[in-house]
Amino acid sequence: MQCALYDAGRCRSCQWITQPIPEQLSAKTVDLKNLLADFPVEEWCAPVSGPEQGFRNKAKMVVSGSVEKPLLGMLHRDGTPEDLCDCPLYPASFAPVFAALKPFIARAGLTPYNVARKRGELKYILLTESQSDGGMMLRFVLRSDTKLAQLRKALPWLQEQLPQLKVITVNIQPVHMAIMEGETEIYLTEQQALAERFNDVPLWIRPQSFFQTNPAVASQLYATARDWVRQLPVKHMWDLFCGVGGFGLHCATPDMQLTGIEIAPEAIACAKQSAAELGLTRLQFQALDSTQFATAQGEVPELVLVNPPRRGIGKPLCDYLSTMAPRFIIYSSCNAQTMAKDIRELPGYRIERVQLFDMFPHTAHYEVLTLLVKQ
């Protein structure tokens with residue numbers, strides 16, 4: 001992938017950009033095999049990759065510069081701003097949005113937040129695009145609601161320029177820290193969720209719900225999990241750390257009982273909406289802590305699917321699963337180091353199958369799907 005920002009030494013986020021994709025995949029595979037070297041693996045499936053550029057469905061832009069000349073991108077460690085509107089990881093459809101946002105920031109009088117001076121209002125612009133219909137969700141992260149009335153007043157101009165903006169919100173993040181969003185979300189549009197569709201499964205994206213940033217690879221990850229589950233004698237499963245329900249909604253069949261657990265209420269609202277659309281009545285989604293939910297249950301289903309954040313599922317949940325011993329565990333991980341650590345805490349299981357998904361090209365990161373079977 002060619003990147004003018006990298007060539008000019010202005011951005012180093014894609015540390016592996018100079019390596020061809022096959023080399024990157026090979027290095028990631030070696031890393032994963034090293035991490036799982038202590039465990040016999042029955043089957044290594046071929047790694048899955050997607051496009052090497054234009055694949056991201058989300059942009060998280062720090063807003064800096066002045067109200068007349070805002071910059072959208074990032075801040076270097078020394079505080080120097082860098083405009084990343086031309087980043088080749090973004091699809092071409094993002095360019096007109098960035099182009100319209102710059103004059104809009106001036107029109108609405110949204111002074112970019114100055115970290116050094118602790119002054120200004122507009123901290124971040126968060127943009128998400130649906131692959132299914134090209135609809136977009138735009139979030140303005142502000143320090144306070146001081147400029148809210150001005151923003152509302154100027155908004156019709158932006159909506160006229162960009163009819164693809166289906167969901168527009170303001171998020172209030174008052175803390176002087178590099179935290180992307182606060183708890184308060186104010187909707188400026190009637191529509192509150194973005195419709196997405198992977199493998200004929202309807203999914204919804206709401207402002208404060210996590211959603212994978214590489215749809216081409218994520219859709220293959222969900223489809224693979226579905227294929228693996230279809231091969232197992234399973235009538236009841238849990239989907240822990242389920243997010244908007246991507247795994248559970250793909251794996252569920254009309255006669256399967258499935259419980260999805262996720263701590264974020266916004267994500268659970270999305271999952272419930274999808275389940276209703278699919279007419280799946282035996283699916284239950286609840287906004288709870290996954291570990292607390294699981295460890296309070298007196299029995300387990302045949303299959304427990306986990307998709308934890310980078311820290312992994314942790315010892316308490318590993319101990320519980322070891323004791324209760326479900327027949328199958330499917331572990332989807334964005335951090336193979338913590339996954340390997342967790343598998344060590346599950347001594348009664350063998351690794352049936354492993355597959356690497358290159359969700360983050362040009363970096364050392366990857367996603368991995370592992371099927372564990374009770375010995």
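Here the Cβ of each residue, glycine as well, is placed from N, Cα and C on the backbone.
Per Swiss-Prot, [4Fe-4S] cluster binding site is recorded for Cys3, Cys11, Cys14, Cys87, and the stated evidence type is sequence analysis. When secondary structure is read from DSSP and collapsed to three states, Cys87 ([4Fe-4S] cluster binding site) falls in the coil class. Of all Cβ atoms in the protein chains displayed, 24 besides its own lie within 10 Å of the Cβ of Cys87 ([4Fe-4S] cluster binding site).
According to Swiss-Prot, the feature S-adenosyl-L-methionine binding site maps to Gln212, Phe241, Glu262, Asn307. If you draw a 10 Å sphere around the CB of Phe241 (S-adenosyl-L-methionine binding site), it holds 23 other CB atoms from the protein chains shown.
The active site, nucleophile feature in Swiss-Prot is assigned to Cys334. Its Cβ placed at the centre, Cys334 (active site, nucleophile) has 19 other Cβ atoms within 10 Å.
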Discussion item. List every residue in the same chain as Cys3 ([4Fe-4S] cluster binding site), at least 6 positions away in sequence, whose Cβ is under 8 Å from its Cβ.
Written reply: Cys11, Cys14, Ile17, Cys87, Pro88
Worksheet entry | Nonlocal residues around Glu262 (S-adenosyl-L-methionine binding site), in sequence order (Cβ under 8 Å, 6 or more apart) | Phe241, Cys242, Gly243, Ile268, Ala271, Phe285, Ala287, Leu288, Ser290
Practice prompt. Other Cβ atoms within 10 Å is the metric here; tell me which of the binding-site residues Gln212, Asn307 scores highest.
Written response: Asn307
Worksheet item: Whole-number Å distance between the CA of Gln212 (S-adenosyl-L-methionine binding site) and the CA of Cys334 (active site, nucleophile)?
Response: 11
